[in-house]
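The annotation transmembrane segment is assigned in TrEMBL to A:6-25, A:77-95, A:116-133, A:153-170, A:182-201, A:247-269, A:281-302, A:402-430, A:450-468, A:474-495, A:507-531, A:543-568.
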C-alpha cells in the first residue's frame, strides 16, 4: 500500500469515528447543547479538556519552539500547564457552582450589568475567533501535506467534519469526539517519541531518556547536545536567560491567559458536581502532561538528531570535533526524509561554498565568524522550519508507514478538537448571552436551540473564511487571544468570586483598562490591528519598556485590571445584597445539583 | 441562620488559606526554582544539566499535577467537615 493510501485510511477511519459519535450524541435540549447535559464524568471531561486545550500549536509547533529556543522557551511548558492550577483553585469549582452555561453569563449576573455582559461577550468572541484561525490553517497544512489535496480543499473538509458533529451534537457531540481525538493524538505523539528515545538513549520513556545517557557518545544526552551546539556557534541548549523579568511575565501571561480562555472554562460546566470540577482539572492536567512531558524530550532529541545527521561523526565519542566538522553530510547522500521535506519547501539547501557538503551552524554569531572562516564555511546552508519536527519524526526514526498515517490523523485531531471547542464558546455567547439574555428573553427553548445551531454554522463559516484568507498577522494573534483572556476575563472572573465588595463599575472599569492597555502595548510594537508598518516602535528588546515583550504584557494588563477595579469599586457604592448573597452561594458547593436547571 | 453564616465564612477562610498555601508552592517551583533561583541551583546536577532546567521542563508540570489533586482531596475533606458537600 502506498503512503498516501495509508494516510487516507487512518484519517478516513478517524473521521468515520467522529461522525459515528456525532450521530449517537445528538443534542436534544439547550442543556445538552451548551453543557452536554451536565452529566460528564470528571475523567472523561479531563480527557476532553486536554484535547480541547491542545491545539495544532501544541501538537505541531511546540516541540519545534522548544528545540530552537532550548531552556528559554520553557515558558510555554510551564505557562500552558500552570494555568490549570489557578483554574482549579480560583475559577472552575465556583463557576460550576454558579451553574449557568457561559462565561459572560457569570460576569453579567455577578456584576448585575448588561454592559459588563457585553464587554465579556466581545472579549470572548475576539479571543476565540483569533484563536480559531490558527486551527483552521493548521488543519489545512496537515491535509495538504498528508492527503495531497490543496490547502483550500483541506480547510473545507475540516469545516464540514466539524459542522457535522458540532452543529448537531453541540457540547455533547464535541465532548465525546474530543475524547476520541485525545486518544488519537496522544498515541500519534507518543509512538515516534518512544522509538527515538530508544534509538538515542536505550530508554523507552522519552521524559527519562532526555536526562539519561546518549548511547553513542556515552555522555549525558543534554551535555552531548550542548557540546555539539557549542562547536557550531549556537548557544547552549540549557543556557540561562538574561532577561528574567520578561521570562517570569511571559510565563505568568500564558498562565492567566490559559485560565481565562472561555473555551476551556466552559468544559468544567459539564461535570455533575463542584467536587468533580476540581478533580476534573487534575485529570485534564494529567492528560495534558502526557504530551507536555514528552514534548521537551522530542525537542532535545530531534535537535541532536538533526545535528548528527548533518555531522555524522559528531555523534560518537570524539576528542575534537574538527574532523566531524570537515566531514559534513554530502548533499547527494542526504537521507530520504530531507528529500521529502525539501519538496514542501520547509527544508531548503543552498551550497554557499560549493563543496557539495551541508553546513548548518549559527552564522549570526559574530564571535564564531573566525572559526567558520577557518573551516571554509560561507554561511549556514540548511534551513529547517520549526514546524516539521513532530511531523517528520517518524521518517527521521525510520518508522513504518502506518506511524506516518497516525501522525497525520493526530495532527488533524488536535486542530479539529480545539476548533470545535472554540466554536461552541463563540456560538453559545451569541445565542445565549446576546440573543436569549439581552435581545429576546422570551425566546422558546426550541428557538434558542435553533439560534445556537445557526450561530454555530455562522461561526464555522467565518472561521473557514479566515482560514482560507488568513490575515497576515495569524502568528501574532496568539498573543492577542492570551492577552485578552488574561488581562480582561481572568481578573473579572476571579474578583467576582473572591471579592464580595467588587461592584459593577469597578469590574467594567477594570476589564476595559486591562484590555485597552494590553491592546495598546501589543499594537505599539506589532502595528495597529497588526497592519505592517503601523507600529510606533520597532519590536526589539531595546525598545521594550523595562524589557517586557508585547507577548508578556498580558500579566501586566491583568495587574492593571485588578488595580483599577479595586480603586473604582472602593470609591463607589457596595453591590446590592442579592449580589452579595450570590457570591456567598457560589463559594459553597452545597446545592450545586439544583442550580444547573434554571 | 447566623450559625450557617459563620460556618460558611469559616469554610471560605479555610479554603482561601489552602489556596494561598498551594499557590506559594506553585510560584516557588515555576517562577522560583525554574527561573529566578536557577543560578542558585546550578550546583545540583541532573542528567547532564542542572536542577533548574529540570524544573523548567518537567519538575514544575509534575508539581502542578500533585498540587491540583492535593487541593481537590483537601477540599473534599473541608466540604465534609463543614457539612457543605453536595
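Along the chain as shown, the residues are counted starting at 1.
Yeah, the Cβs are placed from backbone N, Cα and C, and that goes for glycine too.
Fair warning: this is a prediction, and the values are worked out from it, not measured in the lab.
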Cβ contacts under 8 Å made by the transmembrane segment (A:77-95) with residues that lie 6+ beyond its boundaries: 53, 58, 66, 103, 106, 250-259, 264-265, 268-269, 274-275, 277-278, 280-282, 284-285, 288-289, 292, 295-296, 490, 493-494, 497-498, 586-587, 589
Chain residues in Cβ proximity to the transmembrane segment (A:402-430) (below 8 Å; excluding those fewer than six residues from its ends, i.e. six or more beyond): 3, 6-7, 9-11, 13-14, 18, 33-34, 51-56, 58-60, 101-104, 121, 124-125, 128-129, 131-132, 135-136, 138-139, 142-143, 145-147, 158, 161-162, 165-166, 170-171, 174, 177-178, 180-182, 184-185, 187-189, 191-192, 262-264, 266-267, 390-391, 393-395, 451-453, 455-456, 458-460, 463
Considering the transmembrane segment (A:182-201), which listed stretch of A:153-170, A:247-269, A:281-302, A:450-468, A:543-568 counts the most C-beta pairs under 8 Å: A:281-302
CB contact flag for the transmembrane segment (A:507-531) and the transmembrane segment (A:543-568), at least three pairs under 8 A: yes
Chain residues in Cβ proximity to the transmembrane segment (A:281-302) (below 8 Å; excluding those fewer than six residues from its ends, i.e. six or more beyond): 42-43, 45-47, 49-50, 53-54, 58-59, 62-67, 74, 77, 80-81, 84-85, 87-88, 92, 182, 185-186, 189-190, 192-193, 196-197, 200, 206-207, 209-210, 221-222, 225, 237, 267-268, 389-390, 393, 396
